[in-house]
Structure formats: C-alpha cells, structure tokens
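*Asks:* Below you will find the structure I want to go over with you.
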Amino acid sequence: MRVGIDLDGVCYDFAASVREHIIRSAGRDPGRLGRHYPDPTRWEFYEDWDLTLPEFLDVCHEGVRAGVIFTHGAPFEGVPEAFDRIRAAGHTIHIVTDRRFGGPGLAEAATLRWLDAHALPFDTITFAADKTIARLDVMVDDKPANYHALNAAGVATYLLTRPWNAHVEDAHRVRDLLHYAEVIA
Ligand SMILES: [Mg+2]
C-alpha cells in the first residue's frame, strides 16, 4: 500500500516550534517574554497567544528563515517506531505536508534536514495544500478539512485526535502515529 503521513500535528509539534522561535527572538520584542503561550486547543491557537493572523504569519515566515520552525524539536513519541513498523510491513511511505513558510524552498529544505536528522525513512514527499494529489491508499491527518477531502477522494483516511478536531463526529480516529501503524500495517 501507499501509506500517507502528515507532519504537523501528527509527527511534529508545530506550535512548540513557533513558541520556541518567539521566545528566542524576544530580544527584539521584550513584551513577548512575559506572555503565556499555552498549548493549542483550536486551529487558530495564535489568537490565544495575542497574535493576529498577519502577525502569526510573519512569525512563521521569520521562524523558518531563522532555522527554528520545522527544525527545532524531536518527533512525537512513537513516530520513529511507527515509520519502521509501516516499512517492515512492506508498505511505502509518502509524506504529504502543507508547509510553505519562509520563502522559496526554505520550508522544503528544513523539512528534509529534519527527516534526515531523525532518521525517518520515506519514499516520496509532496508539499501541497491539496493532499488528494498524492495517490494514497491510506492517510493520517489532524486537519478536519483534509480528512474530509481525502475520504471524499477515496483515500481511507484517519483523523489523529487533537483538541482542534475533537468536534468532528463519526471520524475514523487514531490516538497517535504508532496507533495508525498498528491499524493499517
Ligand atoms: Mg497536520
């Protein structure tokens, strides 16, 4: 099978990398140091960090250029084991991610370095907002819109449970990537 895997919110703690960049760059904006950056409970978590959408997007672009976002931090627990398990079952791994901050090629380069640094093997990687283009048999994602679009396109998709997708009813869910590997492999 062609097994799809999403990165942010599935393998990688994107919000933690954004927080790390904000704290590291706080010298230019000391007011940020005293603020609280709680773990996300909704897709628009930046609003809980007192950032407007344009401010958040600026932070994301800066953070990729600074080598922090998509670089800082290890995979979630169980992710390397899940990759190994999927491979060992004879499947191919296809990463599909909607990463495009920082400028031409920067998010892509940071992602490839991170995958290499953590020895996560894959067969193809696709950078796209529309994840249905990757010709997958199965997929795991944390974004409700992707879950619905992939299922509508005939991909057996699992929603990895996060606070920001808890409202989706009757979804095929997995707890984490290792659970996904157990279910599909
Ligand atoms: Mg995601």
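Backbone N, Cα and C atoms are what each Cβ position is placed from, and that goes for glycine too.
Straight from TrEMBL, here's the annotation block:
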type	residues	note
ACT_SITE	D6	active site, nucleophile
ACT_SITE	D8	active site, proton donor
*Asks:* When you measure from the Cβ of D8 (active site, proton donor), which residues in the chain that are at least 6 apart have a Cβ under 8 Å away?
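*Replies:* Once residues fewer than 6 apart are set aside, D8 (active site, proton donor) is near F14, T97, D98, R99, D142.
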*Asks:* List the residues of the same chain that sit at least 6 positions away from D6 (active site, nucleophile) in sequence and have their Cβ under 8 Å from its Cβ, in sequence order, or write 'none'.
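*Replies:* Result: I95, V96, T97, K131, M139, V140, D141, D142, K143, N146, L160.
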*Asks:* Three-state secondary structure of D8 (active site, proton donor) from DSSP?
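*Replies:* Reduced to three states, the DSSP call for D8 (active site, proton donor) is strand.
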